[in-house]
Amino acid sequence: MSLTQRELFALSTTERICSTVSLIGTSVIVVSFLASSSFRKPINRLVFYASWGNIMANVATMISHSGIDYGTSSCLCQFQAFLIQWFMPADALWTLAMACNVYLTFFHKYDAEQLRQLEWKYLLFCYGLPFIPAFVYFFIETEARGRIYGSAILWCWVALPWDFLRIAVFYGPVWFVISLTFAIYLRAGRVIFQKRRQLAEAGCSDSSGDIDSPMDPAFPKKTEIHVTSEITHTGSEFDRLNRLIIASASYIPHRYLSPYSPYTVTIEGGSASGNNDNVPMQTLRRSQHDPYAQRRAAAKDVNSAAWAYTKYAILFFIALLVTWVPSTINRLYSLIYPSNFNFAMNYTSSFVLPLQGFWNSIIYVSISWPAFKAAFANIKLRNRNSLHRASLQDHNKKNRLEVKMAEETQSTHVNQPQQAASPSPPPPAPVPITPGPRASRLQQVFGQALARTLRANSYANFSGCFPTPAKHVPASLESVWRQLNAKLEESAKAEFDDIIHERDAVRHLNELDRLVGEARHRRDNGQGESRVAPHTLTPDELYRAHLTPYLQEAQSSLDARIRATESENAELAQHIQGQRAEIERLLSGLEAIVADVEGAAAAASHFSKENDLRQEAFKMDEEVKDRSEI
C-alpha cells in the first residue's frame, strides 16, 4: 500500500512534534530528579527510570519514516525497529512496577527501604524482558516472509508479513500488564474506601461512654493503640489502613497529610493476650479537650489520602488508555483487514504513541508539585540575591573610582606647597563598600555559626523528634529534613544580607578599619609632625580630643584598682601558702601518732602469742566454774 506525500508529511511531522514534546517532558523529569533530593520519592524514582526508556523510544519515533526511506534492510531501519520493540512496551511494565509497590506496601507492609531494594529487579524486569524478543528478531528470517524488522507504515518495526507477532509479543503482553495493573489499583482502592467509610462512621458515632471500634479484628491483632481518653482502636485492619496512609506519602504531596493526632499515644506490640511493656510515645501540645478529635483527624487523613490516591490512579489509567487503545485498535484493524489502510487510525497512533514520556512528565509534575513550587521560590530568591549583589558590585566600582580620584587629589595636594588651612573642616574621604577585614571576619563568623547550627540539626536528632515517620517513611522524613535545613540556611543568609544592607554595616566597618589604620599610622609616624589647628579638625576628632582626658583618668583609676587587687591577691597567696605548710606539719605529726599506735598494736599481739594469755584465761575460768560447783 502506498501513501501520498501529503499523508507521509502529516504522519512524519506529527510523530516528530509529539516526540519533541515528550522529550521536553522527560528532560524535566531527569533534570529535576538529578538537581534536587526533594524529588527523589519512591514513585518518582520509578518514573525517572522509566524516562530513559521513553527517551530511547522517542529517539526511534523522531526518525519517523526516514528509516523506511533508507530501506528496510538499512542499519537505520533495523535500529529504529529494535528501539521501538525494546523500549515502547517498557513504559507499561514500569506502570506495573509502580502498582506492585502499592500492593507490597499495603498488603505485605513493605517500607521505603525494602521498596528501594527492589528497584534493581524492576530495572531487569522492565528493560530485560522486552530486550529478549527485540534482540532475537535480528536473527529470524524466512524466504516466504523475509526479515521480521521491516516497514510498518508509520516507521520501521515488525513487518506486515509478521503482523501476528505484533499482537502476540507486543500488544497482548502490554494489555495483560495493563489489566494486572488496574486489578491491583482496584483492589487497593476498594480497601481504601472501605476503611474510609468505617472511619467516617466511627467519627460520626455517639460520643457517650466507651465506643466499640468499627474495625474489631476477626483474627489476632498486631497492634494496640491506647490514647489518654481511653478510646482504643485495635486490630490489623486499622494497622493496614495506617500503613496505607503512610505508604501513600510517596505518592501524595505533604499538604494532604494532616498533623499527628493530639493525644499521648502508647503502642503495645504482640498478640491480644501478650503482656508487653508499654512504650510511651511523644506527647503533642495540642488541645485534648475533644475526646473524639483523633478519629475525626484519622478520617480526614484517610479521606485526603483516598482522594489523592484516586487522582493519581486515574491519571495513570487515562495515560495508558490514551496511549494504547487507539494503537491497539489500529493494529487489530490492520490484522483483520490487511489490504485496507485507514489513515485516521494510523494518524492517531502516530500522535499518541510518542507521547508516553509527556504523560509520565504530567503525572510526575502533579505528584511533585509542592517540590516544584519550593524550587521556583528558591530560584526567585537566588535571582533577587544576584540582582542585589550586582547592584552592590556596581556601587563598589563607583566607590572605588571615587576613592581613587580622592587619592590622586590628595597626592597632588601633597606635592604642592602647603597653604594656610581652611577655616572650614574638609569633607570625609569616601568609604569603599567592598568588605574589609572586619566585615569579612563578621561574614566568616556568621558562616561558622550557621554551619554549627545546621550540624546540630542532624538527621539523627531530627528523626528522634518524629519516631513514627522515621520508622515507617524514613525517605520522606529525610527529604523533609533536607528541605528544612536548606530553607533554614537560605532564610538565615537572606536575613543576614538584608540586615547588612539595611544597617550599612560594611561601610561602617570599613570606616572603622580606616580610622584604626590611620591611628596606627599616626602613632608610628607622629614624630616631627606639624601641629594641626583645632578649627581644622572635624567634629568627630574634636569630640574624641575632648574625651581623651576623661578616658585617661578612667584608665589611671582602673590601673590603681588593678594594682590594689594584685597586692591583695599576693597577700592572700602568702596566707594560703602558710596554711598549706601548717596542714603539712599537722599531717606529718598525725602520721607519727598513727605509726606509734600501729606499733603498740603489733607489740600487744606479739606478746599475746608468746605468752598464751588467752589460753591461761580460759583455764582459769574453767577452774573457777569447777570450784563454784563444789
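Including glycine, each Cβ sits where the backbone N, Cα and C put it.
Where the annotation comes from TrEMBL, it is an automatic prediction and has not been curated.
What TrEMBL records for this protein:
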- 11-197: domain 'G-protein coupled receptors family 2 profile 2' (DOMAIN)
- 20-39: transmembrane segment (TRANSMEM)
- 46-64: transmembrane segment (TRANSMEM)
- 92-110: transmembrane segment (TRANSMEM)
- 122-140: transmembrane segment (TRANSMEM)
- 164-186: transmembrane segment (TRANSMEM)
- 312-337: transmembrane segment (TRANSMEM)
- 357-379: transmembrane segment (TRANSMEM)
- 408-438: region 'Disordered' (REGION)
- 423-435: compositional bias 'Pro residues' (COMPBIAS)
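Stretch with the most C-beta contacts under 8 angstroms to the transmembrane segment (20-39), considering only 122-140, 164-186, 357-379: 357-379. Counted over residue pairs 6 or more apart, the CB atoms of the transmembrane segment (312-337) and the transmembrane segment (46-64) come under 8 Å in fewer than three pairs, which marks the two as apart.
Take the transmembrane segment (46-64) and the stretches 92-110, 122-140, 164-186, 357-379: counting Cβ pairs under 8 Å, 357-379 has the most.
Taken together, the residues in the domain 'G-protein coupled receptors family 2 profile 2' (11-197) have a mean pLDDT of 87 on the 0 to 100 scale. With Cβ pairs under 8 Å as the measure, the transmembrane segment (164-186) is packed most heavily against 92-110, out of 92-110, 122-140, 357-379.
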